[in-house]
């Protein structure tokens, strides 16, 4: 028999003579196919089915010789199996003989002894086959009792077939349980929806009856009081009128009869009128004096018998940074105590400024191109113009989409799929859904869905549309984002993130309740947007009445049109005014410093108008804002006032709203933003845009499973989007902090789609839940990398979400119902086994807020670190997060507690909302609530059940991952940074300056075999350094001779 290498060489040599070419993969394919065939004719038939070989003559002879040469495994019976078969045969043979009636008892004893020895042997075998073989033993014993003679029946089956039958039975049973669970979820949703509607109708009727009854009772009780109040008001008014009449009458009499002698009666009447007038004046003066004294004296607080007001710290929830109330009080006191100099009319004088920057500090820009607009340039808006409030309808009519309303509605009516191209600010997002609503697309209970890639955009746009329609947010217009749903039964316009629309496919695969689906900001090519494209394309073929609108702000709409079977493109002119593009003469070494210098340079040299600066993330934005504020303080009154306003996703809502407020007179506003201001937000008043040319992008390495958020150059499409922000209200300027050559040669045309640089575990789980099994041939706009898709399938199989055939299991179906990462879902499901679902829900909620629990003010770093250390518990960072939330809950969810412990109240409140939603979903996935009562071992085991994929152990060279053997490091902020435990579990692996493990947990290696015996082997978890080495003394060179 030839060796595998020799056989492969022989096949390659023969292929030269048969086909005239030879290739290693072809040879391996032929050898593998021959090994799987049971006969030479079957091998020849398989080769003939490929339609690549002419199996006549030499080719057929080659196939026959290859089949004879290929080695095959001989079916060798295992010793244990042979012993079992012999024992079974002996047992059947003993049962078949009955010589004497008196020998029944001894025969039964023999049978019992043989059965007991057979049972002992079976205990040593694999536990997977135990149940089936016990059933076979019972069947055999029943046959032996019933039959007194006869030949032995052959019931033995090969081991491999036995194993396959067991696996197939378990798979079919799991599929039945999965389908039953899905049906229960659908029925529960249906019942809940019907009950809600019935309850709401009944409740509305009862509320109306109660209001009518209360109105009648209140009217009867309030009429006397209202009469008294009206009488008092009338008397006060009559008193003033009578007093005025009396004064006028006295003035007339004094003027007419001042020189005339009056009778005694007339003199008494005049004296009486004067006395009445004086008393009325004294009464009025006494009342005014009483009011004045009442405002200056102290009054005891009155008892409030109504509903008590909320605590002050909860009212100030969205007050920005912790301690905001204290800071405002200090500023008010300091402002009142400070002495100010200068004339009072100094503010009305026209200030005169001069360039305060040194010549070597300025940055030289070169004007290169101009983006043309479709309107004549007008004067920049002054502060007085910015303060003028236009009506909402006038604003709607001024948007670029308004003149094309009828044409757009006609195009939507004539085509099922329509691609809409229009720059940000043209009115696509806010106006088109309203046009459809006015046209009647929401009749008969239908709804309109509009997706947004960002949560901030979905919330702000929904609020704006509700304001324009004159309805309350949450009624006819609402939004739905992850862990927050602001909709009701009356909602017909739903703004949602694209991920939320994906989740609606689980309960409504055909989107039957929607008449129009609008995918907005499609040019951003987020992960969920690309998945939506493939799903909506299939739904549109199934539902011809469904309207699909794809809105994009870039010129790259041909890709979308081709994908949707050459759908028509409707273009809306967006840029109203021209924009001048300026490039630097030379590259800038530090773009952050260049941004600060350029902002001050624009501030002192350019006409009025606000500035928009694009930076990569929160850290850079805060650093730039601090540098700008510091330099403005040093320059003092040499420059005009400069308002520095940041905008990023984690910023509190009230601070985000400040960027939309009008700029005060005589000042200039500079907005420092991430790429969220490229397309998702439109800020009025922006004239100047500063573009460093960088952005943050998430990348994913499927071989190591590591995500990294790196600063990379932006694409040309993003650069053009940023420049377009300057031409919304007047002719603008865009200053790019890179050269024109870099723009032409170093920037990519478009941004790499997110589906090609991120993990696909959630996506694969969702598609499998929707019944889409052939992921390789799914209709992606841009297919993801093969390795990423393969790793996602491998992880889901390891987590138990998929079986060996790639089908969704019951656990996988439950995991798909939870809107979190698959590993986090598995951790929540495993918490039921370890009776710690209460604690696991808290850990999952805290892990969902993106490492933004603690904060470190630059002036209180030591205090913040000490406060963080006070939360440390033995075991790891997950228990620290659990401890933080538990103490916060014990304090009554107080914001003051967060301020004192340097914890971000906004993040904690979001974690509470996430936990409440996950707790509500536990009933949906049929997991009961339980608590471990402080037994953190069970909590750590439940976390290990979900994150056994992310493990590392300590070696002599540091930490290495168990499977990939990649060097990793504990993050310095971790509670285990200085302890260095032997085995670790981490939440995520992030590449920054090093490969850091974030949120680590100390575990034991035996737990991995307990929760994932299918993934780890005992040999992998052995500690090579724990073995004792033989004691041996080395010899010197002289001793060795």
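Easy rule for this one: first residue shown is 1, then count along the chain.
Cβ from N, Cα, C; glycine included.
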Looking at 508-511, 512-515, 516-519, 520-523, which stretch does Swiss-Prot describe as motif 'DEAH box'?
520-523
Of 107, 151, 426, which does Swiss-Prot mark as phosphoserine?
107
Which range of 371-391, 392-412, 434-454 is region 'Disordered', per Swiss-Prot:
371-391
Annotation match for phosphoserine in Swiss-Prot, from 141, 160:
160
Taking DSSP states H, G and I as helix and E and B as strand, how many residues of the motif 'DEAH box' (520-523) are helix, strand and coil?
2 helix, 0 strand, 2 coil
Residues satisfying Cβ distance under 8 Å from residue 712 (phosphothreonine), sequence separation of at least 6:
694, 695, 696, 697
